[in-house]
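Copied from TrEMBL, the annotated features are:
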- B:5-23: transmembrane segment (TRANSMEM)
- B:28-178: domain 'Sodium/calcium exchanger membrane region' (DOMAIN)
- B:29-48: transmembrane segment (TRANSMEM)
- B:60-81: transmembrane segment (TRANSMEM)
- B:93-111: transmembrane segment (TRANSMEM)
- B:132-151: transmembrane segment (TRANSMEM)
- B:157-176: transmembrane segment (TRANSMEM)
- B:196-216: transmembrane segment (TRANSMEM)
- B:202-346: domain 'Sodium/calcium exchanger membrane region' (DOMAIN)
- B:236-258: transmembrane segment (TRANSMEM)
- B:270-293: transmembrane segment (TRANSMEM)
- B:299-316: transmembrane segment (TRANSMEM)
- B:328-347: transmembrane segment (TRANSMEM)
Amino acid sequence: MKGKLFYIGLLVSFLAAGIAHYAHLDTTWQFVIACVAIVFVAGFLGRATESVAHYAGDRMGGFLNATFGNAAELIIAFFLVKDGLFEVVKASLTGAIIGNLLLVLGLSLFAGGLKYKEQSFNVKLASHNSSLMILGVVALFIPALFARGLTTDETSSMSMIVAIILIVAYLLWLYFSMVTHKSVLSDEAIEHGEAAWSKGTSIVFLILATAMVAFTSEWLVGTIEEVKDKFGLSDLFVGAFLIAIIGNAAEHSAAVMMAMKNKMGAAVEIAIGSSLQIALFVAPVLILLSFFISGSPMNIVFTTYEIAAIGVAVFITKSITQDGSTNWYEGLLLMFVYIILGVVFFLV
Amino acid sequence: MKGKLFYIGLLVSFLAAGIAHYAHLDTTWQFVIACVAIVFVAGFLGRATESVAHYAGDRMGGFLNATFGNAAELIIAFFLVKDGLFEVVKASLTGAIIGNLLLVLGLSLFAGGLKYKEQSFNVKLASHNSSLMILGVVALFIPALFARGLTTDETSSMSMIVAIILIVAYLLWLYFSMVTHKSVLSDEAIEHGEAAWSKGTSIVFLILATAMVAFTSEWLVGTIEEVKDKFGLSDLFVGAFLIAIIGNAAEHSAAVMMAMKNKMGAAVEIAIGSSLQIALFVAPVLILLSFFISGSPMNIVFTTYEIAAIGVAVFITKSITQDGSTNWYEGLLLMFVYIILGVVFFLV
Amino acid sequence: MKGKLFYIGLLVSFLAAGIAHYAHLDTTWQFVIACVAIVFVAGFLGRATESVAHYAGDRMGGFLNATFGNAAELIIAFFLVKDGLFEVVKASLTGAIIGNLLLVLGLSLFAGGLKYKEQSFNVKLASHNSSLMILGVVALFIPALFARGLTTDETSSMSMIVAIILIVAYLLWLYFSMVTHKSVLSDEAIEHGEAAWSKGTSIVFLILATAMVAFTSEWLVGTIEEVKDKFGLSDLFVGAFLIAIIGNAAEHSAAVMMAMKNKMGAAVEIAIGSSLQIALFVAPVLILLSFFISGSPMNIVFTTYEIAAIGVAVFITKSITQDGSTNWYEGLLLMFVYIILGVVFFLV
């Protein structure tokens with residue numbers, strides 16, 4: 001969706017969501033409208049981030065894009081944390097990771113593969129990405145396994161320490177991939193057009209977009225408990241499928257578009273890079289934040305179901321991407337795994 | 001075993017098994033003779049399938065070979081399902097998968113490796129095979145993990161849905177590997193000699209062989225409960241080792257023969273391809289069938305032991321085959337894992 | 001540490017440890033001094049082994065180095081077994097494996113990577129090593145999983161059988177890598193200087209060093225129970241971190257030195273090779289030994305925590321080494337995983 005149409009959608013959906021909230025419309029409607037609005041405001045935030053990144057220069061811009069690429073998820077999760085909906089937060093992080101690895105990447109491979117018989121990308125990048133993803137899985141799996149034998153206080157300490165290690169690992173990864181080994185990992189760059197706006201406007205829009213995401217997130221989060229009860233949905237399903245999909249809609253379309261232009265390297269970078277950010281940056285930041293904004297801190301202990309889903313997603317993504325070449329069937333495989341997970345998450 | 005000798009063995013063992021059954025011989029003898037007969041009739045069915053495939057043309061023939069390659073296992077399992085021996089069915093599917101990956105492939109690599117220092121095959125094929133195997137493992141692992149939290153009805157729904165997804169994935173795989181990406185995956189073809197019989201004879205023999213497999217399977221299955229009790233064997237051991245080995249004897253010898261002719265690609269295709277068929281086609285077909293032929297439908301929930309065994313087998317096979325090159329020691333490694341699993345399955 | 005300084009340290013620390021032991025010094029002091037002494041006597045044993053290997057010729061020397069490279073760990077573990085401290089033994093084996101894979105290899109990659117942008121080594125070796133490591137993981141994982149359903153006697157039988165399979169697999173691996181496929185796997189050889197001593201002296205020193213390791217180990221092991229109680233440490237932490245680190249100090253420094261000379265193949269061989277030895281040789285030998293020297297035999301059943309730690313370590317090491325090329329960030333990743341494991345092992 002380009003140009004005017006997008007901005008009309010943005011304004012209309014945002015206003016409608018606001019009206020629905022303050023007029024105390026039926027909760028289901030509030031929820032639905034807020035979902036639509038989130039897709040638009042998250043898309044707006046993405047454009048503004050990119051535009052600011054454009055003016056910030058190559059290196060700083062890369063850093064901005066990498067770190068604020070999941071700003072929308074972070075903001076939604078912030079309000080979930082504030083309301084103490086820890087299980088939904090963790091489910092939405094899980095959903096964002098498996099959604100990016102299985103649905104976004106799967107759709108990209110499939111759509112690209114229908115057009116091109118075989119698509120390829122830099123193997124080095126794939127190999128590093130999968131090692132990093134394994135660190136993410138380890139960092140979620142180990143605490144969950146050992147938490148049984150720990151007190152609440154020990155679990156909190158463990159969560160804090162692991163969170164700090166992950167953030168350090170993520171920052172060093174940015175340093176590694178953008179400074180010391182940039183040339184080794186570079187692939188077709190993600191396409192950045194001309195900046196849409198002047199420097200000043202870009203910054204103003206970035207602030208505006210962040211505010212809009214924040215408002216819409218708060219309105220959305222406020223309806224979740226009721227919607228869950230009304231339709232008998234589990235935390236897991238709401239977080240891992242509903243919230244994760246709307247929060248990532250912008251990345252979804254960007255990655256698929258790249259794949260259809262035969263820029264598979266960029267598509268993989270968006271999909272896997274976004275998962276990495278969530279596992280290594282968004283999740284640990286939320287854990288540290290929760291210690292400040294909430295009485296009872298959120299811990300890093302994910303459920304067995306969540307870890308199994310993430311582990312399975314990482315394992316099959318690693319298997320499919322490690323040869324640096326993809327086709328339509330591999331895209332389908334990823335989506336089949338996503339559907340299987342969706343079915344069981346819905347049933348549980 | 002070629003020519004006349006084979007057909008004499010076929011007739012003698014089949015008749016003996018029939019006599020043993022109808023004369024109500026001692027159950028142990030019935031079991032042993034039926035086991036021998038199964039090896040022969042399954043071999044006969046394999047020859048007939050190949051001969052019909054020969055006349056069916058390249059593409060349809062490939063499809064026939066791929067889909068009916070495990071017809072014997074399917075028929076045996078059908079009678080097990082009919083008798084409600086679900087645990088034995090699942091154990092025999094497990095056994096067929098690990099038997100193909102560890103024993104058949106292990107023996108092939110070992111025997112071939114003693115003759116040739118290093119043997120190689122198409123890496124693309126290995127890479128796709130392992131991604132598919134992971135789908136199979138995921139499709140067994142996820143339901144088993146989540147089944148704890150589900151009711152019987154939900155488990156049934158889940159089993160049906162996952163079964164349908166697997167069958168769709170398998171059919172699309174055939175389309176992918178035989179139509180859209182045939183050239184990418186082709187390796188040394190599995191050797192097909194002249195058709196042994198005329199077209200008409202081939203079809204008659206295919207029907208005859210299927211009938212013989214069906215009779216022998218029914219006789220065999222009828223003795224299992226008593227043999228198990230008499231020798232104190234578990235469902236797991238009977239299904240995963242006894243039935244799986246006799247049902248796969250034909251593939252075993254074919255794969256090892258290919259390896260010794262330095263056609264490692266064909267050997268790998270037989271061994272891994274057969275496992276894939278069982279995980280992605282035979283198992284889900286049985287689940288769908290069980291809903292029609294049995295009052296209480298079989299579910300897709302395998303035991304932890306079975307999933308661990310399959311997971312371990314897939315993981316080490318993937319590790320060994322992913323470089324597209326093999327040697328005698330790698331064959332031994334696979335067999336060592338098979339022996340370890342055999343020991344623990346026997347003890348449990 | 002070279003030359004005179006080393007031998008002065010050796011003598012002083014060994015004598016001090018002996019005096020501390022026989023004078024019944026404070027247990028904490030006995031423990032600390034014995035730890036220092038172990039580092040020296042293990043280093044001395046390593047030098048003596050290498051010198052004898054030098055005279056034994058290429059093949060036999062390689063065998064000696066490979067098999068007695070972990071002699072110090074074996075001797076320490078022997079005394080732990082003798083005192084019935086089975087849990088500490090298994091924890092120390094776990095610690096030696098993850099220490100070599102994560103800490104030693106991680107430090108080597110990091111230190112080497114700071115000096116050289118990219119370091120590479122023979123991919124064949126990496127691929128074989130990881131297949132062998134998987135056998136090791138399987139051999140620990142399967143018994144632990146199945147042990148729940150077994151009696152003590154059955155567990156003992158299973159442990160003995162699996163131990164024998166592992167030793168056979170290890171001996172055949174030596175045959176494979178040193179005889180039939182030596183040329184395929186060879187990389188930069190581990191540097192062997194001139195022999196330090198004459199043949200006779202070397203043998204005498206080997207015997208002397210073994211005796212010194214034995215004495216120091218016995219003194220050390222005698223203090224462990226008290227130290228554990230005094231500081232409230234778990235078997236897991238003492239075995240997996242304290243004992244494992246001091247027992248492997250010699251390998252640590254050797255591997256890091258190789259990496260800094262850009263001989264990454266040798267560094268990887270030391271680190272991964274040492275883990276393999278422990279999983280496939282030291283552990284099963286201890287199990288067989290325990291049947292003779294202890295009333296109640298040690299079994300091969302490791303705790304879930306230990307197997308998870310080993311599995312995680314193997315999985316990430318495999319992911320990082322499989323492309324035959326390393327850099328500083330990959331070294332950090334390994335160390336981050338080590339730290340995470342250290343934190344949770346300490347907390348449990």
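Cβ atoms are placed via backbone N, Cα and C, with glycine included.
Counting residues 6+ beyond its ends, the transmembrane segment (B:157-176) has Cβ neighbours under 8 Å at 63, 66-67, 132, 135-136, 139, 142-143, 146-147, 150, 276-277, 279-281, 283-285, 287-288, 291, 297-301 in the same chain. Most Cβ pairs within less than 8 Å of the transmembrane segment (B:29-48), among stretches B:60-81, B:270-293, B:299-316, belong to B:60-81. Of the candidate ranges B:5-23, B:132-151, B:196-216, B:132-151 contributes the most Cβ pairs within a distance under 8 Å of the transmembrane segment (B:270-293). Between the transmembrane segment (B:93-111) and the transmembrane segment (B:236-258) there are 3 or more Cβ pairs closer than 8 Å, counting only residues 6 or more apart in sequence, so the two stretches are in contact. Across the candidate stretches B:132-151, B:196-216, B:236-258, B:299-316, B:328-347, the maximum count of CB pairs under 8 A to the transmembrane segment (B:5-23) is reached by B:196-216. Same-chain residues lying 6 or more positions outside the transmembrane segment (B:299-316) and placing a CB less than 8 Å from one of its CB atoms are 90-91, 94, 97-98, 101-102, 130, 133-134, 136-137, 139-141, 143-144, 147, 155-156, 158-159, 162-163, 236, 240, 279, 283-284, 287, 333-334, 337, 341, 345, 348. Sequence-distant contacts of the transmembrane segment (B:328-347) (same chain, six or more residues past either end, CB-CB distance under 8 Å): 98-99, 101-103, 105-114, 234, 236-237, 240-241, 305, 309, 312-313, 316-317, 320.
Panel annotation: around the transmembrane segment (B:132-151), residues 97, 158-159, 162, 165-166, 169, 173, 272, 275-276, 279-280, 283, 299-304, 306-307, 310-311, 314, 317-318 of the same chain, lying at least six beyond its termini, place a Cβ under 8 Å from a Cβ of the stretch. Long-range contacts of the transmembrane segment (B:196-216) within the same chain: residues 14, 17-18, 34, 37-38, 41-42, 44-45, 47-49, 51-52, 54-55, 71-72, 75-76, 79, each at least 6 residues beyond the stretch ends and with a Cβ under 8 Å from a Cβ of the stretch. In the domain 'Sodium/calcium exchanger membrane region' (B:202-346), helix, strand and coil residues by DSSP number 122 helix, 2 strand, 21 coil.
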